[in-house]
Structures are given as C-alpha cells and as structure tokens.
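Trainee: Before we start, here is the structure in question, set down as structure tokens.
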Amino acid sequence: MQLTPILTSLLLATQALALVRRGAPVDAPTALKCAFVIDFEQGADGHAILAKHLALQGLKWSERTSVNNKYANFVSVQLEGDCREWLNIFCLGYNAPLITNNNDDITDTTSHYQQQPEDAATIFQGLSKATSFAAVTSRPGPKPMKSENGVPHSDELYHSITGVNDARNKLGLTGKGITVAVIDTGVYYLHPALGGGIGKGFKVIGGYDLVGDAYSIGDQTITPDNDPIDNCSDDSHGTHVAGIVAGDARDIKVDGFVPAMPFTGVAYEANILAYRVFGCPADSTASDVMAAAIYRAADDGADVINLSIGGGPDYPDEVDTIAAEVVGKAGHFVLASAGNSGDKGIQVTGNPSNSNGGFSVASFDNTVTPLPYSIIDDASYFYGLGSNNGNFVEGESLDIVVNDITADDNNIQNDGATNINPAAKGKALLLRWGATTEGGSSKRCGYALAAGATHCILYGNTQELVGIAGNAGLPSMFLSREGGLALIAKVKAGGKPSFTFTSKQKPFNIPTAGTISDFSSPGLSLDLEIKPDFGGLGGQVYSTISVHAAEHQNFPLPYGSYSGTSMASPYSAGITALLLQQRKSQNPSFQELRAYLQNTASPKTIYNTESVNSVAYQGAGLLNAYYAASAETLVTPSAIALKDTDNFKSSVVLTIRNSGKEAVSYAFNSFNAATVNAYNAGDDFTLDATTTTFTQDQQASVSFSSSSINVAAGASAEVTVQFSAPEALTPYPIYSGYLEITASNQEDYPIHVPYAGVVGSYKNKAIWSRKSPSLAERWGAQYGLTEANVATGLYADLDFNPLTEGAVINATVGAGVMAVASSTSRGGFIEIVPYVSRPSKRSNDLEAAGFNTSAPIYARLTDLVGEGNPSSPGVFVPMQRHSYAGDAPAAPPTIWAFAGVAYDANGNPALLPSGTYKMKFSAVRNFASASSTKDEDYDIIMSPSFRLVDGASPVASSSASIASSTATSTQVATSASTASSAAPSGSASAATGSSAATGSVAPTGNSAASSAVPSASGSATASSTSVPVVVASPTYAAPAPATPTPQPSNLYKAGAVSTFGSVFAAIVGAALML
C-alpha cells in the first residue's frame, strides 16, 4: 500500500494551503477513492471554477452531486484515474531539524504536528473562491435491529406514554401544515397508508432520488432523478420511517394493504418530503450525498428533517454533520438516530447525530409489540421462528416428544447437545434452552435432525424470548418458557399434549416498556457535551413497508415491527412536528425548540430498579408531545455539560421565561441519576455494556441562589445554580442528574434540566491502553495473549515477549505490535524514530534509502487478524476506540506485525536500513486540536531502542523454528528487500476494525501521562512496569469474521502466538508487498 493517507492527512492540512480541510483523510477506509467535496463562497460558480482549475492540472473529473442555495454552495467531484499517481505529483517537501538530546543521540524526528511545508502544492491550492474541502466518506446502510411481521396495537397503547394521544385529544394536534423530510432509502409512497401517490394533494408532496437504483458499495456511480420511490430495498427502511412519522392506516380498503388493526403515525396529517440516498442494495451512501439531501430538504421547505442513518463514535466535522448544524440553526430542525451500539459501552453516539445543531435521539422500548403464538391445549403461547428455517405449516398439529422431562427440574444447560431421545424420530422434539457454551440452536437442532426429528422446538430457561438461528435442515422454533412447561406438565400427568401451529399474533406487553433500549448508543459526546439529547420510542415499532420488502421477509402484509434508534428518531420527529404545529407562529429558534423538548421530557429509571438512568444514556429523557406543546414556561439552558475536573463548570445561570397570561411561582430542586462506572481501577480499557456498572455514589451537590421565585406574565427571571463535583471512587466516573423546576400552574409535571460531568482530567486520560486485565481475559485469551502482552507497544518478537533496551529485531522474522485504543481520538500515529550517536550517519543512511528525515517516518504494519493479512501505515485519522468483541463501530483490536518496513519520501513501503531505532506512538488527546503543535496535546509512548537487522538469523526461536519447512531464509530476505519496489495492493481499508493504540515504554518529554493507568480518583498514576509500545488497526476497518478458521492467509486465526510466529517468517516477503 502506498502512503496516500499520510500524503493527504499531512499535506492537505498545511499552512500554505488556503483551503480548510475537514473530516477524514483521503485514504481513510471509509473515504471514497478520488472523491472530494469543495465548498465555495456564496454566489461563486463552483462548476466553472473547478472545470478551469482541474483542466490546468490536466485532470479529468465528473460531478457527483452539488448544492447551490442560501444554505450552501458546494460541488462534489470524482477525479478519474489513480489518486496515488497524481497525489505523488503534488507531494510536499519538508525541511525541519532533527531533535537531539544532550548526548547527541537522536531521540525523535520531527513530529507529525511540527511539519512545516517548504513547498505546499496540493491539487486544490489556488482554487478561486473555495473555502474548504473534504474527502467524501461512506455511510453504512440502515439495518433495523429486529424485523417482525405483526399486527399493530391500538393508539391508546402505542402513543400513551409519549403524550401523543393527549396532544391529539386535548390540543387537536395532528401535524397538519408541517413538512417532515425523510432522508433514507426512499419511500414507497404507493402504500395507501402513506397516501398512495406523490405530489400536490398527497401525503408525500415531493422529494428527490440523489443516487439511483444501482448505487451501492460496489458501484458508486450516481444517477439522480426526480422519483424517490423505494420499491426494491429488502427492509424498506425509509418507508418504515415515513410511516412512523405520518402513516395513517385507518379506513384502508385496498386489497393487500388492510391492516389487522388500524393505526396512525405520530403526526399523521404532516406532509412528507422523501430524499433517497441509497440504491436498491441499501448498503452504503456517502457524506456528500447526505449533505446535499440535507441542504435540498431545507431549501424545499422542510420544517423537520429526519436522518435514521449514521455510525459512531466520531467528531462532528464531516460535511453531512456540518450541514445538519447549518440548517438546524436556520430553523430546519434535524433529528438523527444516536446509533445501535449500546453493547459497546459509553461514548458511541454517531454522526450526524453528534452535530452541534442537531438532535441525537436515544431509543426507549415500546409498551407492547405484536408476537405470534401457537395453541397448546387451547391456550396461546408466544414463540419466535428460527431464521435458518421457520417453515412451519399454518394449522399443523405437531406430535411432541420431550427430550428430557427432568431438564428443567435439574436446570440442565446442555439438553440436546449431548443427549437425544431416540423417540424423536418422526416427531417434533422439545429441548430446553441453556448455556450457549454447551451448544447453540444450530448445533442442538442439528442433533435433532440427525436423530430423525421433523421439527426442533427450544423452550426458554428464563422468561426471555430469545431469537435463534435454528438449523436449516428442519423447521426450528423458540417457544416461551410458559409454553414449554405447559407441554412438559401434560406429559408428566400422563397425557398427550396438543400443539397447533398458527402465525396469528396478539399484543405482547413488553416488560421493559419506557426504559432505554439495550441497543441504544450512550454518550456523552467525545467532547463531553450532552448526547443523546432525548429519546423516543424505538423498541418494536410497527409501521409501513413496501410490497417488495414484505415479500422478501415473508410477511403477509406490507407492515412490520422494527427496532432501533432508526425508529426512535422519526418518532421524535413526529413529536417535533406536533410541537411546531402548535408553536410555528412563534418561529422558535434551535435553542428554544431544544428547550421545549428537553424541559418537558420524562427522565426514566433503569429497568427493574428505582435508579434514574444516566443522562449519558437518555439525555433529557423520553419526549412528551402534550407537555412540550402546551408548556408556558421555558428554561434555558436546557442541558448543562459540566465537563471534567479541569474544565468544571461550577456555576450556571438559568433563565426562566413565563409566556403565560398569569404570574407563576417556581420552586427549585434537583435529583441525582445513576453514576456510570466505565473503567476499573488498574484497567484503562473502556468497559462494555456487560461490565459497566451503575451506582448511587459519586454524585454532584447542587444548590440554588433562591429556593423559589415569582415571575410575572410575559416576563423572565434568572436563578444561579452552583455545582460541586463529587470525589471519584472509580476512574473517570460519569455523574449526572436533573434540575427540577416545579411551576405553580403545572405541579403535576415539573420541568427538568439534565446535567452531566466526568471526574478526573479528561485531557490527561490515556488514549492508548497500557494495562487491561479485562482485555486480556475477554479478547486476548483467544489468541493466547495475557495481560503482559495486550498492552500497546512494540514487542521483541512474534511470541510477544517484552522488548528490552537495545534488543535485536530481525526484519525477516518480524516483531509483534499491539495498538489498543481505549478512547477515540482525532488522530493516532506510529512512527519509526532513528536512535544513534552519530546523527549525520543515520541521516545519510536513511536519506540514501529514500526516506525523508525531515518528516515523520511511519511504520508499515501487517494485520495478523484481518482476511488476507493486509498491510497499512501507522496513521489512523480519526482513531476509533476499541471494544472486546463485535463489529464496527468500536470493533476489537487487531494484532500487528512489524517487519522493518516504513514509508519513504515518495509514500512507498521500503525496508529500513539496519540500525538502531525506536517506535513512537502518539495520539491527539481529548479536547485537543489535531493541528496542535504542543507536546502536551498528544498521548505519546516511546518504545525501548532496538537494533534492526535484515538477515536470516531468527530473533525468536519459536517464531522461526518451522519457517524453513515453508520458505527458506533466502526467500524471506529477498521478498523483504523488494518491498520498496513492489506495486502495493493493500490499503488501510482492508485492515480489521481496530484503532491505533499505544503501549508505553519509557516515555520522554511531556508524555508521562501516556504511561499511566487509571486510579480510583480518575487521575493518571505512573505504571511501574515497562510495557512495549503497541499499535491499533485503522478506525474504519472491517471486523474479522465471526467464525475464524486457522489458515496461513489469516495467521492469527490459528489462535496461538507461537503458531503465528512460525508461519509469519515464511510469508513475510509476500505480506510486505500487500
């Protein structure tokens, strides 16, 4: 792989370049190849300016999309050819001195943030009237968490806990006169519940297709048209979203569209504008397309814009996130889903919901959901079908055989995994669900199939209804615990149970109703602002889908229940439409609308407890349409970010505005929410949802300048609130709570203002993980790694033994590198630093080898976990934090190998000359700017010095012990020596989803905090043990497959360090050329 991310991330942000670069670098794995968005001054003819400028550069290009209205003026371009070729033409020269210590040993080259270009010539330099540019980045396709066929529940059940029914019945609000834009997969507007057509007189009044049917990950050719219909995506995500906002399934007479029970969307008389930003595959869109849709929707007159799209964690500096801020603050209010990464732990809200001018929406579970049931001895019991084979026959009577009638009495966990009742042949076999470590549904139902069973039925060992895959060879089902026990009771009584399958459904009362959905992404934002802002119903929401999607999912009707913050966002958009119908004449500002929504939201407790959930999880709480629309008091600010210890906001002035016709007395109080403990003492890795704890300690003290005030009609008053932060008992706890203002004319529903903060110096919190017993146990163990070698750092060999000062690393054998990001950063970098007593000789050797010693020399790393073992540079901008397991965002770390290769002055991988070096890890600290030139703004780790040699002698015996059986030392050396001349084919996008992280070894300068692990106070304490420096994989990388299989092309899947080391030496030459 050539070093285009370094060329772009460094040269495109130079001081000599008048344009401001925003967002990700050109070779970020989410960046579309050779695609850019260029912003121009208002009134400028961007097309003409670009055509002239690029013609002078001799470059061919085509337009992707563009906007030129009062909100924005940009052109998105696709440059033809290979970016790497023309970027090399415009590469920079650098001229910066080496830094030496008192012993004349070179301890560092110029840091990435210290580079000063001598001749800054980039492709867009001198572009007339241009103000900024950005690489176009991809956005993943929307995927609901669950999709189920079902009958709707009544509006009384559905809309009661959000105040929608009261807003309709008491205030007459239906969304009439308000226009909501749905930016999504398009809308199947032919659905009768969505009006049956498009244009004047229909519910869907217009829209635009910005991409065309064929647009996908594999084909990013844009062919826009005027028809935003979605009649080809398999989930019909945008149609489901539109139905939540404004669907009306009452009085439908059209065959094939009559629901089992009439229902309505939140604002069923609102107008819809549909903007299609996905093709039929609905697997990818792009930031420029999203931005264009946002600006177009605002210009077309949308009052509310919904974006059930995004991913995180990230910073709000991409073009679509900026677009949301621009139009949001201009009165076109943008709501976006917070994300569905709740299993990853704190701070994973995604863009564009992180926009400073948009609203991030969390998901609360619905009150009821429709579920199918079957009949057992004249009683109905809920079930769910296996995804691999759910082919039960309607009305079929099953002959049941219980595998082990004592399984539940004895709490058997492996029923069906080790024992199969021989009577199962030709019958439906009933098995007790248990520990998945003893065998999942596929395995157990597979045994049932082998025994001749016709059907596999697993019944619950708890009250939870579990989704299963089952086995493709026979129909599989997960039956409720009650249903399973009813069958067993009949058999125990000597009877023969009657089991009749039916696909009929009825409402199932959700026990977690009104509490945060477990998938909902928590905040706070990466800058400790309060995100999410509030929440809507997103768990099991029934709505419209297209006929195609219904057929694809085997639904009898074009309706279905989906879950996700993708559903909570349009639900909240519908509430916003009701609010604007009531208050549009007041022309509320962004801050005022935010206050109406947040002031009247309802903070909810953690499921099955009396503890109020953290502001980091629910923001202001669950929205209430009636109270937001009828409120006569507005309190600002409507949310208070107390930040961290260094930036603590101890005093805030509240403004209370009484817009009513009578004087009102206000009483002030507060209550605490649960404290979130996302770090353990002695462990700097961010905990996930299974290990994060919520406690009633470490809470702020709150006082008011007055316990109550009187405010005249139409007047305002101020009250000062004093906060005292708690003492930390765990590292970096997130404490939060709510100010409660009770108005004399609204005593039954107080106003709430959320606040939240973090104890500890957040800027000094290590970005690179240095010590994590939990990571070793939950992730490293599968690879044979322990706590000693999961820390960020460079290791002595591929057995991941510690690197000692002056140790030898053989380039033909390689050394292990770990890069574990505990926190998301604006950028992470891994450099090779020459370390010798004769600076001139070292400079001469490196220069002769083609390296630029005036600039950082970035290491080339080979991913030992990713498919095909791709190689990429040690540059990660931005760098997303890691988690223990799962897919991106916040994917697990990866394991890297360093084979003495770095990137030369031309951006090509080249073998470093033999000599003494260090490996340097640096990452932009929290709150710091990526363009900072200050050491204290970077988390820095420096490895011990090592002597790099290029020869056949193995460094670690176990690493090379069987290398000769697959390749000779001569072959390895020859392959390695040709690294610089080989045509690179790997790229950062091929690496697995890990972010660059750094372990700490003998840090120098102001980097002491980089070798710290968290203490109970939340501050950094020095680690007593030297840990090799480690690097993480790229932020945007794809995760490793869920079911790894040992094979040489994916070395670490073998699951043993020594096995990997043995094989790596044999293929290191080929790996260097990826």
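Note that Cβ sites are derived from N, Cα and C of the backbone, with glycine treated the same way.
According to TrEMBL, the record shows the following:
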ACT_SITE  Asp184  active site, charge relay system
ACT_SITE  His237  active site, charge relay system
ACT_SITE  Ser566  active site, charge relay system
DOMAIN    175-607  domain 'Peptidase S8/S53'
DOMAIN    640-755  domain 'C5a peptidase/Subtilisin-like protease SBT2-like Fn3-like'
REGION    977-1024  region 'Disordered'
SIGNAL    1-18  signal peptide
Trainee: Considering every residue in the domain 'Peptidase S8/S53' (175-607), what is the mean pLDDT value?
Mentor: 94
Trainee: How do the residues of the domain 'C5a peptidase/Subtilisin-like protease SBT2-like Fn3-like' (640-755) split into helix, strand and coil according to DSSP?
Mentor: 0 helix, 66 strand, 50 coil
Trainee: Report, as a single number, how many Cβ atoms besides its own are within 10 Å of the Cβ of Ser566 (active site, charge relay system).
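Mentor: Around the Cβ of Ser566 (active site, charge relay system), 32 other Cβ atoms lie within 10 Å.
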Trainee: Quick one: pull the CA-CA distance for Ser566 (active site, charge relay system) versus His237 (active site, charge relay system), whole Å only.
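Mentor: Distance between the two Cα atoms comes out at 9 Å.
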Trainee: Using Cβ-Cβ distances, find the residues under 8 Å from Asp184 (active site, charge relay system) that belong to the same chain and are at least 6 apart in sequence, listing them in sequence order.
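Mentor: Pro142, Asp230, His237, Gly238, Val241, Ala242, Ala274, Tyr275, Arg276, Val277, Phe278, Asn306, Leu307, Ser308, Ile309 - these are the non-local Cβ neighbours of Asp184 (active site, charge relay system), listed in sequence order.
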Trainee: So for His237 (active site, charge relay system), how many other CB atoms are inside 10 Å of its CB?
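Mentor: Cβ-Cβ neighbours of His237 (active site, charge relay system) within 10 Å number 30.
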